[in-house]
Structures are given as structure tokens and as C-alpha cells.
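> Structure below; questions to follow.
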Amino acid sequence: MDEPYTGPAIPVGVDVQVESLDSISEVDMDFTMTLYLRHYWKDERLSFPSITNKSMTFDGRLVKKIWVPDVFFVHSKRSFIHDTTTDNIMLRVFPDGHVLYSMRITVTAMCNMDFSRFPLDSQTCSLELESYAYTDEDLMLYWKNGNESLKTDEKISLSQFLIQKFHTTSRLAFYSSTGWYNRLYINFTLHRHIFFFLLQTYFPATLMVMLSWVSFWIDRRAVPARVSLGITTVLTMSTIITGVNASMPRVSYIKAVDIYLWVSFVFVFLSVLEYAAVNYLTTVQERKERKLREKFPCTCGIPNTKTMMLDGTYSESDANSLAGYTRSQTVIEEEKQDKMVVHLAMSNESNSSRKRGLKGHVGLRIIQNTHAIDKYSRIIFPGTYIFFNLIYWSVFC
């Protein structure tokens, strides 16, 4: 059957009831929705006399024999009308010629998503309806009751998103080859749940960064322990970054999660470089001490080497130990004083202008196990990372 009549555009009202929002795919940038699509128009040729003014209801077999609007979904990838146990199509005709045409449809449509704030993002998607053949001069497509034309099930929910709102809009769409068409929009806004990503991404990354700081408290001579800890944290961070990007489309811009993960990766990598610097400086320090010992070999005439003050006098503990010597022995030792070697302890405080006594047992060289870089790193690394987190969460939340 042809369209109802020629002349002005045929008004076709539309309303939609969303049954479910089945899935949102970030990789494919689309969504899947199941809905009831209803059309309302008037066809005088279908009017019939009725005493009770009751309508007549038909199934999908009559649809092929009468005129119905040719509405399709713009930017849809897949769609189908449900057919269990029969085609989910209903046609209701009223005595005055008004027609209600309803279908239950599942459609997968494109949604342009912006992941620059992922996973702290919100996405707005649209399902667009339009007549395929009839321009706005032939068919006027409109929302039957404005915003009230869109109904949603209160039980609709998604695992990763909070559905904030549904609303309708309409406007004209222009095609250079065919003209202007009425287009209807079902718009909905989705806000992503952050808790899943906190558990799966942010917390593990933060723990890896904190674990890398443990090496600052490990003895700098424990090379296997510190190197293996650094390599383990670097590889774990690489795995986390790879896992996040595997579930995302290959976009050409930086996402919010990329900023956090790569900054965390840099902190972990810097902790490895920090130990490389500490190990190198320790090696240089020990080489200098070795050369000092070779330059001043021990030629002391006394059985046990005593640690002396830098000005050549004995420390208090050494004075007590000399109490048992006779005067002649003391004089002899004073004559040999210029042959004694003072064992210097090379430490990170060697630049201090204040001279300190070197105490300890016979022949003991005091070498500190903690380098100055480790001491500073214990403060700088956590402080900088906390400052980064404050800026990051204040910007993206």
C-alpha cells in the first residue's frame, strides 16, 4: 500500500521504551540497547465503523500489506527484531484510522567516546532515528510527547557505568544528494565507576612504587637484593601498563590512566637508577680507601694500632689504655708517633670542618652502610609521589 495521501508531510509520532542497555564496548566504541519502538500516525484508508469504538490488533503479517514508516537507526552496526516465539511486532488500528505500530528491537550503534579522562570519564552516547526514504517534505518525524516520549526501566544498570540520565532531542539532517530529513535522538550519559580501576590498576601501581622505596633501607652492599627488587617492580609496572592498554582502543592521545601509570613507572625506574648511582659512588669510595692504605702502610712499633685524633693526640679511651705503660715506654712511643698511621673513616660527612675522633677496636675501619643519596631518597621520593597524587586527583576527580 502506498503512503496515506499526497500533500503536506505525514506526521509520525514516535515514542521509545528502553528495556535494557546491554553492553558498552570501549574497544569497538559502540553500545547495545534493547527497546520498544512505537510509531503513531493516521491513515484514513484503515478507518472502520465500530459501535464500541474498540481497536483491532494484528501481528506482523499485516505490516507487509499496509504502509508503515521506514524508520532506521543512523550509525547502527547491527540490529534485529526479536522473533521468539514469533515476530515481536504489533499493529493496532483504531476506528478513526489512527495506527499504532510497535516493535521490539535490539540495536548496536556507534558511540564516539573520548578517553582523555579515562577511567575518570563520562561518556554521552546517542541512538539516532530517521526516515530512510522520505524527506521532511514527505514525512514529519517527531517525539510524540516531548521528553515524556522516552521511558526507561528503573532496573537498568551496567557493571562499569552509572546511567545518569536519558533525554530526547530532534533536528534536521542534511544529505547533499537527497535533501533534509527529520532525525530523532535518544541521548544518555554514562559515568564510569572508578572502584574497579582503583583495585585493578591504581592500587597495584601505587604499591609497586612504594615497594621500590624499600631498597633505600637495604644495605647498599646487598647488590642481589636491591637489583632484583628494582627489576621486579619495573617488570610488574610494565605488565600493569600492558594489561590496561590491551582492553582499550588504540587512541592517539594520552589518557588519564596513562599519566598515572607512566609517572609511577618513572618513579620505579628512578629507584633503580638511584641504586646504580649509590653502587658506583660506593665503589669509587672504596677504591680511594684502598689507595690510601697502600700509600701509608702500617709500620707501627707497638703491638696494637691505636686510633688517634686528627691533631696527633690520643683520645680519652686511648689515654686510659696507656695508663699501664711506664714513662720510658711512653717516651719511646711518642718518638715513634710520626710513624703511626691514622686510619681514616671515609663517610658522607667527610666535608665537615669539624674533626672527630676515630673510635673502635684495633684495625677497625668505620664505613657507613647508608649512603647520603639513600637518606635523601627516603624523603624526596615519597614526598614527590604524594605531591603528584594530590595534583592528579584534584585535576581529574
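Heads up, the Cβ atoms here are built off N, Cα and C, so glycines get one too.
Quick caveat, the model's predicted, so the values are computed rather than measured.
As annotated by TrEMBL, domain 'Neurotransmitter-gated ion-channel ligand-binding' applies to 6-193. Among the features that TrEMBL reports, domain 'Neurotransmitter-gated ion-channel transmembrane' is placed at 201-393. The annotation transmembrane segment is assigned in TrEMBL to 194-215, 227-247, 259-281, 379-396.
Tell me about the surroundings of these features in the structure.
For the transmembrane segment (259-281), same-chain residues at least 6 beyond its ends with a Cβ under 8 Å from one of its own Cβ atoms are 201-202, 205-206, 208-209, 212-213, 215-216, 220, 223, 226-227, 230-231, 233-234, 237-238, 240-241, 244, 371, 373-374, 377, 381, 384-385, 388, 392.
For the transmembrane segment (379-396), the residues of the chain that approach it from at least six positions outside its boundaries are 117, 120, 209, 213, 216, 256, 259-260, 263, 267, 270-271, judged by C-beta separation under 8 angstroms.
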